[in-house]
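According to Swiss-Prot, the features are:
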SIGNAL    1-24  signal peptide
DISULFID  C60-C81  disulfide bond
DISULFID  C104-C141  disulfide bond
DISULFID  C183-C205  disulfide bond
CARBOHYD  N204  N-linked glycosylation site
DISULFID  C237-C264  disulfide bond
DISULFID  C277-C318  disulfide bond
Amino acid sequence: MSPNFKLQCHFILIFLTALRGESRYLELREAADYDPFLLFSANLKRELAGEQPYRRALRCLDMLSLQGQFTFTADRPQLHCAAFFISEPEEFITIHYDQVSIDCQGGDFLKVFDGWILKGEKFPSSQDHPLPSAERYIDFCESGLSRRSIRSSQNVAMIFFRVHEPGNGFTLTIKTDPNLFPCNVISQTPNGKFTLVVPHQHRNCSFSIIYPVVIKISDLTLGHVNGLQLKKSSAGCEGIGDFVELLGGTGLDPSKMTPLADLCYPFHGPAQMKVGCDNTVVRMVSSGKHVNRVTFEYRQLEPYELENPNGNSIGEFCLSGL
């Protein structure tokens, strides 16, 4: 795992503690003997493959990218806790309640959120998610064990929880399932290649890269009917139901990011752009009438590239946020 991604993820944990005014709980001694980002290690994933299910304690603030069983036990009142889960792009995440011992009447709660939310910004955005915002929250204190298993709609999910009484807590099992047509994705890595396919579905799909990157779109297929390409319009993307847009910003929510470029028509051959933003998103809007596909590669920008932007580069409005 790259140091920069490690830092980006650590910012999520720091933001959470800053928002709740309890950063004193991030003690140096804990940081010295515990590294939550070890779970992103490819070597560790290979070592665990085919072995016994991975088990460990869950912290009040945590981030996980492995399947396994995780137990939270309060050692003092823990009032503002969250755990972020992320899997491979082509996977759903299932959160299963093995055991829950919390006092809902006393103010405890345990909620699953379908996606990630930070500082009021959601991924996927409300515009891109198949469920209304209210239905993306599943409250254990309302549903109980009637919903023991909850599956995400994409490769990220999270839980919020509050436990007052020391000794109380819960145990979860995290599993993943294949997603044949991943729609909304947060990339685990600063470099990669991905093909986003939307087959005859009226939906919007966003691929989020939480780093400044250079992105190269190599293939775009839009608006085909029986193998015949639709005629181009002279009005740009206005009124076109199928297109791809490139977005940049400093938060999680694609709907609050700045549009950088629109791609309205099919093409083959590289189109490259540098984006010096904390978050870069490739977003496909589909009418449901066609099979749309976009293939792109991305890599994290080097520090010298951020300091000296040139060529086909967009990022001046983002650089102050880096």
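Glycine too: its Cβ is placed from the backbone N, Cα and C atoms.
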CB within-chain contacts under 8 A for C104 (disulfide bond), separation at least 6: F140, C141
Residue among disulfide-bonded residues C81, C205, C277 with least C-beta crowding, 10 angstrom cut-off: C81
Length of the line joining the Cα atoms of C205 (disulfide bond) and C60 (disulfide bond), in Å: 31
C183 (disulfide bond) as reference: those recorded positions from C60, N204, C277 with C-alpha within 10 Å of it: N204
By Cα-Cα distance, the member of recorded positions C60, C81, N204, C277 nearest C264 (disulfide bond): N204
Around the Cβ of C237 (disulfide bond), the count of other Cβ atoms that are within 10 Å: 17
Distance, N204 (N-linked glycosylation site) to C237 (disulfide bond) (CA atoms, angstrom): 15
Disulfide-bonded residues listed as C141, C183, C264, least Cβ neighbours within 10 Å: C141
Three-state secondary structure, C264 (disulfide bond) (per DSSP): coil
Three-class DSSP secondary structure - the residue listed as 'N-linked glycosylation site': strand
DSSP-derived structure type at C141 (disulfide bond), helix or strand or else coil: helix
